[in-house]
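To keep things clear, I will list the structure first and then write my remarks on it.
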Amino acid sequence: MTVAVPATGGNGEQLVNGEAVEVDVRHARIGSRGLALLLDMVVQVVLGLLIFSLSGALSAQLLGDAVDEALIEAIATTSVILAFIAYPTVAETLSNGRSLGKRAMGLRVVREDGGPIRVRHALVRSLVGAAVEWPGLLFPPFTWAVALTTMLFSPQGRRLGDLAAGTFVIHERAPAPWGWVPAMPPGLGAWAAALDLTNLDDDLALAARHYLARAAEIRQPMNGRFAHGLAAEVSEKIGQPVPPGVPSWMFLSAVLAERRRRANERVHATRALTQRIWPGFGRPAWSRAIGPTWDPAGTNPPLLGVMKEEGRPS
C-alpha cells in the first residue's frame with residue numbers, strides 16, 4: 001500500500017509506501033507537459049498521415065474504381081483511432097508511462113499510489129484525451145479551455161485524462177544540486193560519527209557550507225567572526241562543544257561532511273527500495289562537483305593553506 005502526503009515545500013509530494021519509506025516525487029506542470037505534448041502531436045500527426053496515405057494507396061491498388069467516399073471516410077477514421085488512441089495507449093503501456101514526448105522531457109505517468117500504469121489506465125487517458133483534449137473531437141474550443149483550466153488549477157497538474165484514469169505525471173529526472181560539500185577533516189571521523197544531528201536544520205547547514213566555500217575570499221577579522229558565530233550556532237544545535245584544539249572551520253567541515261554521509265546512506269537505501277517498486281525511476285541526473293576540492297591525503301586542506309600563507313592562526 002502506498003499513500004501520498006503533501007511535501008513540506010516545492011513542487012511535489014511524498015509517497016509513503018507500506019514499508020514507511022518516503023519517496024519524493026515532482027509533479028510535472030503545464031510547461032513541461034505542454035512541450036511533451038507538442039512532440040507527441042508531431043508523432044501522432046505524422047503517424048496518422050502515414051497510415052492514411054498507405055491505406056489509401058493500398059485500397060486504390062486493390063479496389064481500383066471501387067474506392068468510394070465511404071471507404072475513404074472509414075480509412076480516415078481508422079487512421080485517427082490508430083494515431084490518437086492506439087499509439088499513446090501502446091506507447092505508455094509498453095514503456096511504463098513514457099510516450100516519446102514524455103521520454104524526451106524526462107516525464108512518466110504513474111498511478112495515484114505511485115505504481116506503474118497498466119493498459120486500462122493508458123486506454124482511459126487516450127480515450128479522454130482524444131475526445132476532449134487533443135485532438136478534441138467533441139466541441140474542440142470549449143473542451144480545450146476546460147482541459148487547460150483543469151491543469152492550471154489542479155494541485156498535481158493533472159489533466160482530464162489523469163482524473164478519469166487515476167494517474168498523474170511526474171518528473172523522472174531530479175535537478176542536479178550544487179555538489180560541493182567539505183570533506184571530513186583527518187582525525188575527526190570517529191568523533192563526528194557519534195553526533196546527534198537531528199536538530200541541525202537545513203538553513204544553518206547551508207549557511208555553514210556557503211561560508212566554507214568562500215572562506216578563502218573573506219579577510220580577517222571578519223572571517224574569524226563568521227566561523228566562530230556559525231560554530232557556536234551549530235554546537236548549540238547538536239549539543240556538543242567544539243573539540244579542544246580544533247579550529248571553528250574544521251569543526252564545521254566535520255559536521256557537514258558527516259551530515260552528507262548520513263544523507264547519502266539514506267538516499268542509497270531509499271533508491272534501492274524505489275527501484276524495486278518503480279524500475280528505472282529516480283535515475284540521478286549527470287552532475288559534477290562545483291567548488292574547491294580537498295584531498296584528505298594532501299599536506300594541508302586549501303583553507304588551512306590560505307591561513308598559513310596569510311599568517312593567520314590555524
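Note that the numbers count up from 1, one per residue, in the order the chain is shown.
Each residue, glycine too, has its Cβ placed from N, Cα and C.
The annotation domain 'RDD' is assigned in TrEMBL to 28-166. For the domain 'RDD' (28-166), residue counts in helix, strand and coil come to 104 helix, 6 strand, 29 coil, using DSSP.
If you look up TrEMBL, you'll see 35-58 (among others) marked as transmembrane segment. Same-chain residues lying 6 or more positions outside the transmembrane segment (35-58) and placing a CB less than 8 Å from one of its CB atoms are 28, 67, 72, 75-76, 78-80, 82-84, 87-88, 99-102, 104-105, 107, 134.
Here the transmembrane segment (70-90) has long-range neighbours at 40, 43-45, 47-49, 51-52, 55-56, 59, 63, 99, 119, 122-123, 125-127, 129-130, 134-135, meaning same-chain residues at least 6 beyond its ends whose C-beta is under 8 angstroms from one of its own. If you look up TrEMBL, you'll see 70-90 (among others) marked as transmembrane segment.
Annotated region 'Disordered' per TrEMBL: 291-314, in sequence order.
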